[in-house]
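Note sheet for the following structure.
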Amino acid sequence: MASTLSCSASDLVPLLSGGANATAAKAAAEFICGRFDTISGKFTDAAYAIDNTYLLFSAYLVFSMQLGFAMLCAGSVRAKNTMNIMLTNVIDAAAGGLFYYLFGFAFAYGSPSNGFIGKHFFGMSDFPKPSFDYPYFLYQWTFAIAAAGITSGSIAERTQFVAYLIYSSFLTGLVYPIVSHWFWSSDGWASPARSDNLLFQSGVIDFAGSGVVHMVGGIAGLWGALIEGPRIGRFDHGGRPVTLRGHSATLVVLGTFLLWFGWYGFNPGSFVTIFKSYGESPGSSFYGQWSAVGRTAVTTTLAGCTAALTTLFGKRLIDGYWNVTDVCNGLLGGFAAITSGCSVVEPWAAVICGFVAAWVLMGFNKLADKVRFDDPLEAAQLHGGCGAWGIIFTGLFADKTYVSEIYGGDPNRPYGLLMGGGGRLLAAHVVQILVITGWVSLTMGTLFFVLHKLKLLRIPSEDEIAGMDPTSHGGLAYRYTEDEIKNGIMVRMGDGEHDQGRVRGL
């Protein structure tokens, strides 16, 4: 916007002189333009400050999602494992912060680089740059630890703590950053921000990370849960699923609302800047990125709400009851799906996205029971499955005008197949799904397999039965009355569908 503020003394002289005393007129013109240039410089500074403040606020919102993850995870596990799962969420943020600072940010955004991996800014050396300031690092770190937090839910209640330390550091320091480089860095081989050689002439439009964040975390969790195997008691001897209920629906709902709140930094914040004009538009004298930010918040909201209601009635139809935890997961599945295309689709399309995402989640959950796959938080199904659907959805419904506004460049740039834009964008998105699946399987699958072979992955069966809090963390998350201990029944501590268990077995 600041570039529109310009002044030319040569243009002002004829207006001021009126044909006489040209020297005085020139001096006046130069004085006016000098003041104008000063104002223009201050305007540029103000725009930079506004954008940085917006990005910092968005980073704080996304970081608040860590509290949401913690509450969601805590409520979804049994009480005897609460301290363990809470600690893993803290470690995701702490270890992720250090390793993203040392290596991750450089691998993701260390430009100039090649299409595969960044190679500058290790330990934030030579930082900041005109293109990257400190708020940008903070914002990207919150995304990296979100991916690690997704994985922790899949392997909850049976994983050694040392395994959490290793995988979280590896994921945030190497695996996730390389994926984000591919699709978000200006040098990435599939990035829509490349100046040339765009993948299928479009690049991949994964605006806030249905693939980069959610699929990475979900597929990593998938491999961890597959290699570990299900929790003790999750399936009976005949292979039928047995419900191991989380101990607090209250915490699940609290965590869901915190995640919902944070998603308004996750998706709209991915614009990075807000003080940018798109020029005039029909029906509006001035139109800019602030309008796109608002639209993105709306599409995010509609997808989540639609998915929540679809899950509510879908589960009532399938299982015969109304379940708040199912609705919470459905809501989050809608958010995970819309994250890719939130900035480039119409609100009505977001409703379609959320509706399909709910059925994708319910379908994958049914499949998980059939194949005896155990994920306490449904993270692999929710983030991996709904994230993949979100990538396909964007390839189908991306709007031509919005793609042009946000990504610029060629007005003939490919957009959604069902919007008349051909199949090139969809083809690029199919490639994204395949390469993310392959990369995360190669790296995280191998890591979990090595940890398993070294006996560093799963805890002993007696510790799993007793609970990880008393066996690994020195106590319980909750205090119990003497009567509860004397009677040997602690309702919140139990195993199985009835949530009851003996104190000695915890």
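All residue numbers here begin at 1 and follow the chain in the order shown.
From the backbone N, Cα and C atoms, a Cβ is placed for every residue, glycine too.
Keep in mind that TrEMBL annotations are predicted by a computer and have not been checked by a curator.
As given in TrEMBL:
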| type | residues | note |
| --- | --- | --- |
| DOMAIN | 54-478 | domain 'Ammonium transporter AmtB-like' |
| TRANSMEM | 54-77 | transmembrane segment |
| TRANSMEM | 98-117 | transmembrane segment |
| TRANSMEM | 137-155 | transmembrane segment |
| TRANSMEM | 162-184 | transmembrane segment |
| TRANSMEM | 204-227 | transmembrane segment |
| TRANSMEM | 248-266 | transmembrane segment |
| TRANSMEM | 348-368 | transmembrane segment |
| TRANSMEM | 426-451 | transmembrane segment |
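Most Cβ pairs under 8 Å with the transmembrane segment (426-451) belong to 204-227, among the candidate stretches 54-77, 137-155, 162-184, 204-227, 248-266.
Most Cβ pairs under 8 Å with the transmembrane segment (162-184) belong to 98-117, among the candidate stretches 98-117, 137-155, 204-227, 248-266, 348-368. Confidence annotation: the domain 'Ammonium transporter AmtB-like' (54-478) carries a mean pLDDT of 94 in the model.
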